[in-house]
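The GTP binding site annotation in TrEMBL covers 388-395, 434-438, 488-491. The coiled coil annotation in TrEMBL covers 649-703. What TrEMBL records for 51-64 is compositional bias 'Basic and acidic residues'. Taken from TrEMBL, the feature compositional bias 'Polar residues' covers 65-77, 110-124, 180-206, 216-233. Per TrEMBL, the feature compositional bias 'Low complexity' maps to 83-102, 130-153, 161-179, 250-259, 267-291. The feature domain 'Tr-type G' is assigned by TrEMBL to 379-548. Among the features that TrEMBL reports, region 'Disordered' is placed at 51-298. The feature region 'G-domain' is assigned by TrEMBL to 382-530.
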Amino acid sequence: MSKYRVYELAKEFNTSSKVIIDILGRHSVTAKNHMSSVDEDAKQVIEHTFARKTGPVEENKSEKQPINAQVNQPVDNQRQRPHQSQQSQQSTPQVQVQQLQHHQSDRQNVQRQQFSNKQYQPRGQNGGLPQQQRPFQRQNQSPQNQSPQQRQQYPTDRPNQQRSQQNNQGFSGGQQNNNYRSNPQAQANRLNQQRPQWSNQNQDRPGQNRPVASTAGVSQIQQTAHNNRPSNVRTDKQQGQHSQGRRPMTPHSSGPKSSGTGGQGGRQNQHQNRHIQNSRNPQANIPAPAKAEPPKPKVIKLGESISVKDLASKLGREVSEVIKKLMLLGIMASINQEVDFETASILASEFGTSVEELPPEEDPTEIPEIEDDPKDLVYRHPVVTVMGHVDHGKTSLLDTIRQTNVTAQEAGGITQHIGAYQVMCQGKKIVFLDTPGHEAFTAMRARGAQVTDIAILVVAADDGVMPQTIEAINHAKSAQVPIIVAINKIDREGANPDRVKQQLSEHGLIPEDWGGDTIMVPVSAHKKTGLNELLEMVLLVAEMLDLKANPNRAAYGTIIEAKLDKGRGVVATVLVQKGTLRIGDSIIAGTAFGKVRAMINDRSEKVKKAEPSAPVEVLGLAEVPQAGDNLVAVDEKTARIVAEKRLAKKRTEEQKQSQKVSLDELFKQIQEGNLKDLNIIVKADVQGSIEALQQSLVNLQNKEVRVNIIHAGVGAINESDVMLASTSNGLIIGFNVRPDGNARKAAENENIDIRTYRVIYDAINDVEAAINGMLAPELKEVIHGRAEVRQVFNVPKAVVAGSYVLEGKITGTSQIRLIRNGIVVHEGKVESLRRFKDDVKEIAQGYECGISLEKYRDIKEGDIMEAFSMEEVAQKPS
Ligand SMILES: Nc1nc2c(ncn2[C@@H]2O[C@H](COP(=O)(O)OP(=O)(O)OP(=O)(O)O)[C@@H](O)[C@H]2O)c(=O)[nH]1
């Protein structure tokens with residue numbers, strides 16, 4: 001049995017869900033809300049209710065409407081009238097003969113069809129008047145009713161008579177009834193007008209095409225109507241009839257006198273004339289095709305997310321409908337915004353469409369992980385990282401453990417440092433990562449790698465918990481790695497393990513002997529005490545963790561560290577975590593790929609395979625991977641393709657990152673809408689300059705861009721200014737100050753635009769020009785070198801600065817900027833450049849020289865001389 005949603009019925013009967021729910025409620029059918037489903041019987045109840053409502057309204061209207069009410073008809077209806085008159089001429093003698101022939105058999109059918117039609121007439125609902133069905137039906141039983149064949153002329157013939165027209169007709173229904181009472185032609189016309197409605201409605205509502213009305217009455221009506229309609233598609237004969245019906249639309253017959261609707265004045269004539277012209281032109285007579293409604297699918301397939309626009313198109317709905325529905329669900333989404341699968345599913349169900357989930361899209365830069373069968377998993381050794389505050393004894397502890405547990409027990413000892421090594425305790429191996437704990441957590445975890453099973457937190461018994469101790473605790477906690485505390489330096493005077501325990505308990509690490517669950521072992525790296533106990537505790541925790549891996553599968557591991565070795569090429573220390581890595585395996589790590597050429601274990605032995613938890617040096621990668629990259633053994637082709645894809649992705653990301661704000665690109669970025677806020681860091685020699693600059697720069701903002709001074713300070717531009725500019729995508733303006741060495745390097749790395757000025761108006765003009773897209777830098781400053789003044793000699797006519805070239809070179813033709821404590825104290829030319837007593841053209845890095853400046857004598861020890869020149873740069877095409 002078919003089911004119908006309340007809202008579907010509401011739509012079908014052109015009313016609200018609430019009305020439907022009320023009606024159902026009165027007939028003891030429970031429907032909670034608009035999404036509730038009801039069966040055929042319930043639908044029939046609604047149909048009957050609306051059928052009852054419809055009749056008397058028609059009747060009332062037809063009875064109460066004055067005959068001359070036509071004058072008040074809406075313009076649309078008035079425009080229809082000539083049309084109606086043309087249609088009315090279909091009631092030609094021919095047609096009437098047909099009508100008479102079919103009259104007896106059709107009479108009842110027409111009556112039923114009218115009844116059926118009325119179910120969908122909106123006007124019935126609008127009336128809301130006392131109901132009497134009979135009078136209306138009697139009217140329709142008039143022998144003037146047309147044959148079913150005639151009715152069939154319309155369904156596909158008048159698509160231009162769409163819903164709007166239906167509504168208009170609904171509005172003027174009573175008038176038409178009056179017409180046909182007084183004018184038989186108008187009666188035929190009225191029926192013709194109604195039929196397309198019926199047909200269009202059926203076409204418009206897919207729901208109505210469902211097998212409906214299981215109860216005998218309704219199905220009979222429908223069946224009868226169907227039987228009387230040979231087909232929904234017009235036959236040639238019917239088309240012929242129809243065109244016959246049109247034939248009377250000649251200039252003669254369509255004249256105002258023959259219109260049958262009374263004189264409608266010039267407008268009607270115009271309309272008719274248009275028709276006359278159109279009838280001469282068969283093309284023009286073809287009605288404009290109705291706007292095709294997109295199909296409404298019952299099921300759609302969706303991925304993890306979809307844009308509102310695409311969802312609307314999949315659902316065959318208008319975007320505005322979808323946005324509106326989302327708003328009703330409490331989600332404000334724009335056309336291009338993505339909605340997740342869940343939201344899209346709820347929304348689709350609101351439209352009566354069900355949703356199937358598509359499998360997640362595969363990332364071409366990822367190699368799918370192999371799911372291990374639990375029965376293939378076997379024990380693996382624990383991997384441990386040592387963390388703690390600086391100087392608390394991490395290195396000493398690791399060294400002592402390594403010496404006592406490796407050198408003593410393994411022949412040959414450790415000759416090779418590979419970043420990770422294994423020690424033995426009670427016949428079991430423990431793998432120690434030799435990288436500083438923080439890096440193991442921060443750098444590697446930033447790359448999504450987690451290699452550590454257990455963290456040993458070293459806390460000096462005499463120093464207690466320090467900032468980096470807390471940092472280490474937080475890192476381990478966020479990685480959900482169990483912590484074992486090694487309270488070190490207990491041999492020292494002033495060592496107070498209890499105080500350490502107290503402090504640690506304040507950070508959530510409660511010692512076992514205090515009723516907590518954190519293992520704390522007092523040790524001394526110097527005295528080698530407590531180390532065995534510490535290792536035993538590591539094994540105990542490892543046992544509790546039940547560490548397992550499948551050795552019989554393709555290898556998966558993490559790069560611990562990697563370097564380029566002169567003799568051996570790329571050397572990567574890998575911790576194998578799953579599977580077994582073998583010589584000859586094709587591998588990929590980050591963007592690097594290659595074949596395992598050789599493997600060396602932590603005892604410098606060449607090995608042919610490395611099983612889970614084994615640290616090995618791997619030779620054979622084509623380029624140096626990054627620490628934290630996953631290493632996966634795959635077939636050669638996949639390794640190459642995925643590496644290429646990763647490289648392309650990396651380049652795109654780098655490109656995106658390097659799109660930092662710069663004055664040269666500023667206008668372009670504003671135009672592209674990428675920049676709404678221009679963040680500026682201002683550094684100057686004195687506070688007064690800062691205030692002046694700040695004020696003037698803020699005043700430059702316009703509708704498109706807002707100027708924010710995110711930091712302003714006195715002094716040289718330093719690294720922290722650059723980092724701030726980098727994180728806030730800002731640029732730096734220096735007035736009479738220069739960036740120090742670190743800042744310059746950082747700015748180069750971070751692609752930060754540093755602009756330095758000696759005239760405040762130049763700075764303002766540049767920024768203004770950049771904002772308005774008029775900055776045309778023709779000259780660019782090129783720094784040639786820097787020299788430090790180490791001694792100052794006063795000689796007749798000059799002051800010679802005995803200097804040492806720190807970087808680059810100083811040439812006799814360079815311009816010199818004299819910088820004292822980061823502040824530019826002078827800009828000028830070199831007067832003389834000497835090495836020992838000889839004049840030279842240039843002095844290279846690492847050499848001493850004597851420099852004197854043109855017309856400037858105030859040089860002091862410690863000053864920096866920056867040699868630069870202004871060079872023309874090619875104009876970038878805009
Ligand atoms: N008395 C005593 N001194 C120790 C002990 N362990 C380390 N030290 C000393 O503490 C100092 C720092 O030791 P490191 O091992 O370098 O400490 P660290 O934590 O590795 O230091 P960073 O690598 O700088 O973070 C050294 O002078 C060690 O000799 C110990 O158990 N007892």
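Note that Cβ sites are derived from N, Cα and C of the backbone, with glycine treated the same way.
Only ASP391, LYS394, in sequence order, out of the binding-site residues ASP391, LYS394, ILE490 have a CB under 6 Å from ligand 1. There are 13 other CB atoms within 10 A of the CB of ASP391 (GTP binding site), with all protein chains counted.
Note on ILE490 (GTP binding site): other Cβ atoms within 10 Å of its Cβ, all shown chains, come to 22.
LYS394 (GTP binding site) falls within a helix when secondary structure is assigned with DSSP. Mean pLDDT of the predicted structure over the region 'G-domain' (382-530): 82. Every protein chain shown contributes to the tally, and the Cβ of GLY388 (GTP binding site) ends up with 28 other Cβ atoms within 10 Å. Around the Cβ of LYS394 (GTP binding site), a 10 Å sphere holds 23 further Cβ atoms from the protein chains shown.
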